[in-house]
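Notes to accompany the following structure.
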Amino acid sequence: MRGARGAWDFLCVLLLLLRVQTGSSQPSVSPEEASPPFIDPAKSELIVSVGDEIRLFCNDPGFVKWTFEVLDQMNENKQKEWIMQKAEATNTGKYTCTNKHGLSSSIYVFVRDPDKLFLVDRSLYGKEDNDTLVRCPLTDPEVTNYSLKGCQGKPIPKDLRFVPDPKAGITIKNVKRAYHRLCLHCSADRKGQSKLSEKFILKVRPAFKAVPVVSVSKASYLLREGEEFTVTCTIKDVSSSVYSSWKKENSPTKLQEKYNSWHQGDFNYERQATLTISSVRVNDSGVFMCYASNTFGSANVTTTLEVVDKGFINIFPMINTTVFVNDGENVDLIVEYEAFPRPEHQQWIYMNRTFTDKWEDYPKSENESNIRYVSELHLTRLKDTEGGTYTFLVSNSDVSSSIAFTVYVNTKPEILTYDRLMNGMLQCVAAGFPEPTIDWYFCPGTEQRCSAPVLPVDVQIQNTSGPPFGKLVVQSSIDSSAFKHNGTVECKAYNDVGKTSAYFNFAFKEQIQPHTLFTPLLIGFVVVAGMMCIIVMILTYKYLQKPMYEVQWKVVEEINGNNYVYIDPTQLPYDHKWEFPRNRLSFGKTLGAGAFGKVVEATAYGLIKSDTAMTVAVKMLKPSAHLTEREALMSELKVLSYLGNHMNIVNLLGACTIGGPTLVITEYCCYGDLLNFLRRKRDSFICSKQEDHAEAALYKNLLHSKESSCSDSTNEYMDMKPGVSYVVPTKAEKRRSARVGSYIERDVTPAIMEDDELALDLEDLLSFSYQVAKGMAFLASKNCIHRDLAARNILLTHGRITKICDFGLARDIKNDSNYVVKGNARLPVKWMAPESIFNCVYTFESDVWSYGIFLWELFSLGSSPYPGMPVDSKFYKMIKEGFRMLSPEHAPAEMYDIMKTCWDADPLKRPTFKQIVQLIEKQISESTNHIYSNLTNCSPSQQKPVVDHSVRINSVGSTASSSQPLLVRDDV
């Protein structure tokens with residue numbers, strides 16, 4: 001080894017001597033003719049093993065410089081020969097020889113190291129949408145499968161593309177933001193074994209793809225001189241390299257600002273730039289702009305500063321300051337005013353008396369920078385003595401201001417005196433405002449309607465001696481000697497408000513002979529005609545006051561502004577596929593009866609299959625029904641056929657419209673209405689929703705064996721079936737066995753009796769509320785408004801499945817205390833939303849209010865809402881003022897929260913039925929939810945997904961059942 005090295009040294013010296021000897025005789029080489037140096041060994045790559053010698057010689061006649069590059073490191077050597085006696089893996093890299101002309105040659109050296117296959121620079125940064133290099137060059141080029149792998153065996157993203165280079169590393173193409181914090185290894189196979197480098201954590205610098213988001217703490221500021229002005233601008237972007245600054249428009253002055261910044265996550269950067277002027281002056285007023293920019297673009301936002309030398313108050317009357325109002329009417333005096341600083345004292349004054357109530361003052365806007373306020377004085381049922389000057393005063397720390405309203409009360413004339421004077425004059429004195437006019441009339445006899453005018457001989461006008469702005473007194477006289485016959489003189493005083501009359505009856509000595517025949521006949525005719533008119537009017541009034549039968553359910557066709565447009569049910573098509581032969585119906589007992597019709601239990605033969613019979617409910621009209629009632633029942637049939645089937649509504653099964661009175665065939669619900677069911681179950685209610693109380697429930701049911709079941713006669717809507725022996729199943733087993741949605745008749749008597757003997761628990765109540773919400777959500781998806789949702793209108797069938805119905809035809813609302821007479825309608829006031837009571841507005845949101853009342857009924861086990869409170873003016877007033885019922889005894893806190901949201905005074909803040917379903921789903925047990933889902937999947941018709949009505953409705957109004965509001969001004 002030493003001999004070879006010595007020979008090599010000798011050869012190098014010899015070559016140098018030859019160059020020195022020949023160099024002086026050769027001409028100099030120009031840069032244009034220069035050539036790059038020659039490296040020995042003459043290879044582009046050199047592979048050595050760790051510990052071997054690296055000897056590189058740069059052959060060039062002039063000065064040379066060696067540079068060694070690996071990763072981001074560079075070493076230099078100004079010798080022509082680069083010698084590394086014991087090579088290490090870190091000596092792997094590119095060796096470049098450069099001559100004095102700047103020309104260079106290079107060789108890449110690999111130093112194989114069995115323990116170090118990769119040279120690693122663990123810092124790994126990449127810019128979004130650009131390429132980045134994973135610096136893991138190889139020390140041995142003779143490996144395979146040089147690639148990237150995820151840490152801990154995780155796969156790399158499918159869209160990650162890379163290009164390997166043994167000398168530089170692996171280039172990741174088109175870096176994405178999703179690669180941020182991606183853990184990677186460089187991987188290669190050597191001699192059949194996979195080798196991994198140290199791990200890299202890729203940090204991605206996001207690219208700007210949008211302008212910064214800029215906002216300010218307030219859009220405008222109003223300050224007095226000397227106060228501090230502070231405004232904060234918030235800049236949001238993906239990176240801290242975003243630029244921002246405060247500028248004042250039309251001012252080159254540099255503004256002093258402070259910064260505070262932080263990162264919220266990897267690509268959410270937020271900066272706050274706060275501008276402060278410690279003591280403002282009037283000339284500081286102007287527009288300040290917060291400007292931010294990145295490589296994508298710029299954005300800005302402005303705030304306005306107004307500086308005043310002192311505070312101010314400006315008052316703006318919203319009505320004329322001179323007000324005329326009729327006696328007994330109401331008037332509101334309204335002002336708007338601007339006040340800065342905030343007002344400290346406000347008051348209304350009348351005749352040196354300060355009002356302590358009847359007025360309200362509030363800011364016009366909830367905006368923090370609002371300086372505009374509203375003050376209203378409410379004067380109710382003004383008397384004639386309450387005219388005068390009403391003054392509004394307001395003040396703040398700097399200034400005070402006021403405005404006066406002059407109120408005149410218009411009063412109907414009042415005749416103060418009417419006398420016969422000693423000189424034969426008749427005098428009439430009247431008072432009123434505006435000034436009354438007095439006219440005189442004469443008629444012969446004792447008539448009370450005189451028509452012949454008489455001119456007065458003396459008229460005097462004087463102001464009243466009462467309080468200011470009071471009545472004006474007018475005096476008028478006539479000479480009675482001008483009248484030659486017995487008669488009546490009328491003094492009529494009138495103005496714009498009304499009129500009043502007084503009469504003078506007098507007789508002269510001569511008597512006028514009355515007609516002996518004509519007058520009695522005329523009087524008799526008038527009396528008879530008057531009585532007949534009165535009788536006709538009474539009969540007409542009673543007929544018009546009689547509640548008319550109509551379909552409660554309304555289907556919305558479209559919404560125009562603030563009005564619903566309903567589909568006229570009479571115009572809906574009727575599909576004769578629903579026709580069922582009358583002779584296949586066998587009628588039984590009456591389930592319910594009302595003023596217009598009744599519901600009868602019946603057996604239908606061959607309704608589904610020719611060899612089956614099933615129990616159904618049939619709606620029909622009474623023989624005394626009018627044409628309007630017949631049309632209403634047909635409309636109800638068309639609405640039911642339009643809605644289609646759903647598990648939680650009483651579904652249409654068929655109809656008979658040909659060859660006789662209209663019959664509507666619907667599902668039969670064995671337990672009757674939910675209200676009576678809850679009341680029957682009060683004594684056996686278990687305050688738990690865990691089904692592991694089944695044995696306790698059965699034991700309790702044995703103690704209450706006399707409790708009514710589906711065969712009891714106490715409920716008007718029950719199936720009469722003979723009792724059978726059976727074993728009582730658990731409630732969950734009973735529900736699983738129910739085949740809801742199938743119309744095929746089967747013997748359900750044992751199941752019905754079993755279900756009714758089961759106790760009632762909290763899980764049942766939650767299930768009922770959940771099912772009714774599902775049914776109402778279905779109706780809302782069909783644009784249908786119920787308008788009478790209550791426990792009495794919910795039926796219960798086997799499996800404790802609830803079904804929503806409309807009892808309008810078969811309920812005796814005349815004798816039902818839940819329905820209050822208003823106009824020509826009887827309405828369930830305690831279940832109605834405020835907008836329905838006061839404005840006749842029926843919407844999806846008013847149904848949500850009624851649902852909240854239904855929940856209160858449900859969790860009070862059938863109690864009447866607002867217990868002990870009659871429907872009177874006090875009730876209406878409490879509803880207006882936001883009175884709501886307390887939580888019923890058995891309601892969980894979550895359910896009472898739902899009730900309160902249903903009773904929100906703002907209809908838009910009430911939840912939709914779809915949202916209510918989602919809220920209750922969180923309360924019911926998994927088994928109940930699973931059972932209900934299974935029952936829904938067994939439904940014979942595929943139910944369409946429920947559409948949230950809040951997507952379509954803006955809580956607009958409609959005139960519906962009654963043509964007049966339920967509450968007028970005199971009611972409260």
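Positions of Cβ are set from backbone N, Cα and C atoms, glycine also.
Over in Swiss-Prot, the protein carries these features:
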| type | residues | note |
| --- | --- | --- |
| BINDING | Tyr564, Asn793, Asp806 | Mg(2+) binding site |
| BINDING | 592-599, Lys619, 667-673, Arg792 | ATP binding site |
| DOMAIN | 121-205 | domain 'Ig-like C2-type 2' |
| CARBOHYD | Asn130 | N-linked glycosylation site |
| CARBOHYD | Asn145 | N-linked glycosylation site |
| CARBOHYD | Asn283 | N-linked glycosylation site |
| CARBOHYD | Asn300 | N-linked glycosylation site |
| CARBOHYD | Asn320 | N-linked glycosylation site |
| CARBOHYD | Asn352 | N-linked glycosylation site |
| CARBOHYD | Asn367 | N-linked glycosylation site |
| CARBOHYD | Asn463 | N-linked glycosylation site |
| CARBOHYD | Asn486 | N-linked glycosylation site |
| SITE | Tyr932 | site 'Important for interaction with phosphotyrosine-binding proteins' |
| TRANSMEM | 521-541 | transmembrane segment |
Where Asn352 (N-linked glycosylation site) sits in the secondary structure, as DSSP reduces it to three classes:
coil
Looking at the recorded positions Asn130, Asn352, Asn486, Asn793, which one has the fewest other Cβ atoms within 10 Å of its own Cβ?
Asn352
DSSP says what for the domain 'Ig-like C2-type 2' (121-205): how many helix, strand, coil residues?
6 helix, 43 strand, 36 coil
From the Cα of Gly592 (ATP binding site) across to the Cα of Asn352 (N-linked glycosylation site), what is the distance in angstrom?
67
Greatest C-beta neighbour count within 10 angstroms, which of the recorded positions Asn283, Gly592, Lys598, Cys670:
Cys670
Could you find out if DSSP has Cys670 (ATP binding site) as helix, strand or coil?
coil
Out of Asn130, Asn145, Glu667, which of these recorded positions is nearest Asn300 (N-linked glycosylation site) by C-alpha distance?
Asn130
Under 8 Å Cβ to Cβ from Tyr932 (site 'Important for interaction with phosphotyrosine-binding proteins'), same chain, six or more residues apart: give me those in sequence order, or none if nothing qualifies.
Ser767, Tyr770, Gln771
For Asp673 (ATP binding site) and Asn793 (Mg(2+) binding site), what Cα-Cα distance in Å is obtained after rounding to a whole number?
7
Between Asn130 (N-linked glycosylation site) and Asn283 (N-linked glycosylation site), the C-alpha gap once rounded to whole angstrom:
50
I need the least crowded one of these glycosylation sites (Asn145, Asn300, Asn320), counting other C-beta atoms within 10 angstroms of each C-beta.
Asn320
Going by C-alpha positions, which of the recorded positions (Asn283, Asn320, Lys598, Cys670, Asn793) is nearest Asn145 (N-linked glycosylation site)?
Asn283
